[in-house]
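Take a look at the structure below.
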Amino acid sequence: MPTEGDNPHSNNNRHFHLGSTVITDPRHHHVQRYCSNRISTCKYNGFSFLPRFLYEQFRRYNNIFFLAIALLQQIPDVSPTGRYTTAVPFLIILSVSALKEIFEDVKRRRSDNKVNAFPVEILVDGQWVEKQWKDVKVGDFIRVDNDSLFPADLLLLSSSEQQGMAYIETSNLDGETNLKIKQALDVTASMTSPENLASFQAEITCEPPSRHVNEFNGNIEINGQARHFGIDQLLLRGARLKNTAWIFGAVIYTGHDSKLLMNSKRAPLKSGTIDVQTNYRIIFLFFVLVALALISAAGSEIWRGHNIPQAWYLSFLEHDPKGSFLWGVLTFFILYNNLIPISLQVTLEIVRFFQAIYINNDIEMYDVNSDSCAIARTSNLNEELGQVKYIMSDKTGTLTRNVMKFKRVSIGSQNYGNNEDDEFSDPRLLEDVERGDKHAEAIVEVLKMMAVCHTVVPENKDDGELIYQSSSPDEAALVRGAASQKVKFHTRQPQKVICNVFGTDETIEILDVIDFTSDRKRMSVIVKDQEGEIKLYTKGADTVIFERLVRGSEQSIDWCTDHLEDYASFGYRTLCFAVRKLSDGEYEQWAPEYKKAILAIENRAKLLAEAAEKLEKDMVLVGATAIEDKLQEWVPETIQALMAADIRVWMLTGDKRETAINIAHSCALVHPNTELLIVDKTTYEETYQKLEQFSARSQELEKQEKEFAMVIDGKSLLHALTGEARKHFGDLALRCHAVVCCRMSPMQKAEVVEMVRKLAKHVVLAIGDGANDVAMIQAANVGIGISGEEGLQAASASDYAIPRFHFLRRLLLVHGAWNHDRSVKVILYSFYKNICLYIIELWFAIFSAWSGQTIFERWTIGMFNVIFTAWPPVVLGLFDHPVPADQIMKYPALYASFQNRAFSIGNFSLWIGMAIIHSLSLFFLTYATMEHQVVWDNGLTGGWLMLGNCAYTFVVATVCLKALLECDSWTWPVVVACIGSIGLWIVFVIIYALVFPHIGGIGADMAGMAYIMMSSWTFWLALLFIPLATLMWDLVIKSLFTIAMPTPRELAVMYTKRTTSFNGFERLASYSSNVLENMRLLTSSLRGSTTGSSRSRTASEASLALAEQTRYGFAFSQDESAAVAQTELIRNVDSTREKPTGR
């Protein structure tokens, strides 16, 4: 067992040994001291299942109610319906729910097992042995190969690269697209073989596990000498090794101690909005039930007080304790308890289970490339998919592929490339060079800059393939683009690079590098070419390049600006290139000052900036490039459809602001004419003032009916979510057409999701693909994981998993809308049919001296929900199609018609009212038919049970036909279930009356009842007349509403049946004004226009808005805080050196 000092959950530091000490010293045997690397996202385990399951079940008020009823029925003689008529069905319902929960948790466990079984190489007895992630333990030496995920938090010991460098992709953790450079300590970087590691001994002391992904400190003691290591040597679980053949690492934190999982939460128990609303409806019905029980008990007291003294033969009841008011309340409470449907929950569970199967087997959500389909990891939230109002989306891997492609280039006044091809393709560029066009020299210069001005490291494989390793995907794309145009960078050596320029190798000396930073928005290199000419090559944002050009560059700026606007309209990432020729004297005068700034300890950043300003001026603009950050398939179309469905989409990303804005434009989240409200302050006061300012501005924009979006970074968000600023931020954000949050930590994403949930009071959906998205996925009402290329952490923690973002459209618009409408019908129908039958007990009590006697046979009461009317709500929940799938996909505005209307108080009241009217009609028509009528040819009449069984039959027929009436699309399962349920009751009566009275006296009162009922012609005539007469109310009301006030959904269904499109609404001019207004709204929404929308503004207005924001698509990914500085990398890396194999 661990000591207090070694407890990873204590406040003390973590202390353990590496190497042979671990094996020889049992006091430090790490196998027993730290948590396992096995992870679990399951809701339950063997010990927690029962209490956690029961807690979840009894959060539903109906389950608490039926437990109370089952207990009350155990009181002798108090229950008119027997002791077990509630307990048995209730146990069956809980068992079905338990089986469903177990089934779904097994699916989660399988997903976890898939992650736990990922292969990894662990050093055992001096050799690499392949094991599984779950076998990794603190202190193990492991090897991770290129493109593999790290299984735990590791201390980087060495790598295949020089100086122990390693390129790390953390988009799965923080959303950043650029690669990060990590570097091993020099004392371990030389250990490049398993033999070195086998003899290596060291003692590690580091901080205890924490959720801070950018903070880490520790010491490693080797041969009595301690060295500090930090975040630059830490490789986090979930990150991916890129552009590096292999690394050796020592395991620091495993499993739920890793920073990734410490930023995740335990899978929460989520309840859908519809469940919460159902609870409130049940509370209402509970009070109605209590009121009815009190009224009936009072009626009994009044009857007894009036009639018992007058009837000598009833005098024995005068002092009967069972005739007390309290006893009567309990009796009637039990008698009326079925007003709350006991089968509601199990029916919903069954419907939801099969709805989830529909989602899992929807071929329209199958991705061929990844051979994966949609997965419903829970079914409790199916209806929530139809109520989504806000979508919080990750960027990298969700909206984008994190693949950069060089697409266009502007040189001179020429614009090369096109938007259709996947890569840059324009033969004119090389043709202009070959024929010596006036732009030929500029073309060569730009291609050379693309091939030289960067920190890319080339790697020549044995098969001749040239691989570019870079922390910046933008730079790698530019280098590949230059190589495709016959300027190939292939060798980097200290202080120089070698490029093949149109078939001839040229060696270019790198004299100095002025690093890229987000403040400078540019990078420069000073080079000396083969002719000895010194040049300054600079690339960066148009705003910083334009202001540093030589005088008289207005014409160059004009043509470049035109091209940049063109690139920005496609969402491309743009860079401008400028050059300045330097004399030897200029450079020799400047170089010492720059070197002095590099070595400065105080005011280093300021001195570097001042030195750069002295050189980066009077430059000549030579060109601009456009890089496409490839979007996932159909992303813009999906976002446009979701916004047309009145869903607000937010982008939450850990990437840079410029990159986030670019993607927001390219994916149609914002448009050139959308005003961006940018919040990028570093203090609380500044952030608060900015939010106040933008709140006032947003009100002006709303009056002008202009679109606006907010962009806020992580530092500002930290203050925006605090104190009074939180309210301003929330109010402003909810008014925006879109919100882009950048530079966010995983927990900030979750905080934003929780804030929107609380303030907006609407369903919030979060979608992401990386481990950094787990927290927000769990915080949202509905969490969607992309089961893509970034591991399975997000998918495992999600409620639903889809292979690609664009499947979200069908998941919400089709499955979400359908499931919500179906489930609401199931719930309302369940309330309706129970009230319709069991309120008859109240009407019968009026004629039975308020005795508490039931009109129905006791076991048929329990079987009404379980057997005879069990199937109609199930088929309604599974086979009803409120709107055809192709129509709602084509016209997403129809989705809004499903929002919060079907389960409104008004609609609920209408169903309850119709149930009461139907029960009155069914009871009194049956009573009138049977009261004095001679119903058999021998002159006999039926008794109270005959009346009850006839009424029961008519109720079954009525509620089954009601299901058909409420169904939007009749399919054979619906018809068979409804008509078959009526036939099932008839068959049951025959069998029950003939057989069961002879088996232990079960249902003795039913003996001969089948013959009594079915030999009466009055019964059969009434079976035809009474249900149809009862449902006439529904037909009349439904017809009037459809004619006078059709909903957009009803119009869609109507015109889908009559025509193939929604054209021709004008032909309905004879309809009432309400109809015309509905048609106008539907027509405008289906055509994609929105009232008050500014998306149809003129091109001049869009250009003006673009000019005001001076945004031309600049974005550049570079790890600014890398363990190896850009200057150091260029000066020290030698790509010609042979790399160790690590074997």
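Cβ coordinates come from backbone N, Cα and C, glycine included.
For reference, TrEMBL has these:
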TRANSMEM  282-304  transmembrane segment
TRANSMEM  324-344  transmembrane segment
BINDING   ASP394, LYS395, THR396, GLU475, PHE516, LYS539, ARG573, THR653, GLY654, ASP655, ARG743, LYS749, ASN772, ASP773  ATP binding site
ACT_SITE  ASP394  active site, 4-aspartylphosphate intermediate
BINDING   ASP394, THR396, ASP769, ASP773  Mg(2+) binding site
TRANSMEM  835-853  transmembrane segment
TRANSMEM  859-879  transmembrane segment
TRANSMEM  908-930  transmembrane segment
TRANSMEM  942-965  transmembrane segment
TRANSMEM  972-997  transmembrane segment
TRANSMEM  1017-1037  transmembrane segment
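Geometry remark: ARG743 (ATP binding site) versus ASP769 (Mg(2+) binding site), CA distance 17 Å. Comparing 282-304, 835-853, 942-965 for CB pairs under 8 angstroms to the transmembrane segment (859-879), the maximum falls on 942-965. Looking only at the binding-site residues ASP394, ASP769, ASP773, the densest Cβ neighbourhood within 10 Å occurs at ASP773.
DSSP gives ASN772 (ATP binding site) a helix state. For the transmembrane segment (908-930), the residues of the chain that approach it from at least six positions outside its boundaries are 281, 828-829, 831-833, 835-837, 839-840, 843-844, 847, 941-942, 946-947, 950-951, 954-955, 958, 962, 1018, 1022, 1026-1027, 1029-1031, 1033-1034, 1037, judged by C-beta separation under 8 angstroms. Residues ASP394, LYS395, THR396, GLU475, PHE516, LYS539, ARG573, THR653, GLY654, ASP655, ARG743, LYS749, ASN772, ASP773, recorded as binding ATP, reach a greatest CA to CA spacing of 33 Å. Take the Cα of ASP769 (Mg(2+) binding site) and measure to each of the binding-site residues THR396, PHE516, GLY654: the nearest one is THR396. Same-chain residues lying 6+ beyond the ends of the transmembrane segment (1017-1037) with a Cβ under 8 Å from its Cβ atoms: 914, 917-918, 921-922, 925-926, 929-930, 933, 935, 950, 953-954, 957-958, 961-962, 965. Fewest Cβ neighbours within 10 Å among the binding-site residues ARG573, ARG743: that distinction goes to ARG743. Below 8 angstroms of C-beta separation, residues 61-62, 65, 317-318, 323, 325-326, 328-333, 335-337, 339-340, 831, 842, 845-846, 849-852 of the same chain, each at least six residues beyond the ends of the transmembrane segment (282-304), sit close to that stretch. Least packed by the Cβ count within 10 Å, out of the binding-site residues THR396, PHE516, GLY654, ASN772, is PHE516. A strand conformation is recorded for ARG573 (ATP binding site) in the three-state DSSP classification.
A straight line from the CA of ASP773 (Mg(2+) binding site) to the CA of ASP394 (ATP binding site) spans 7 Å.
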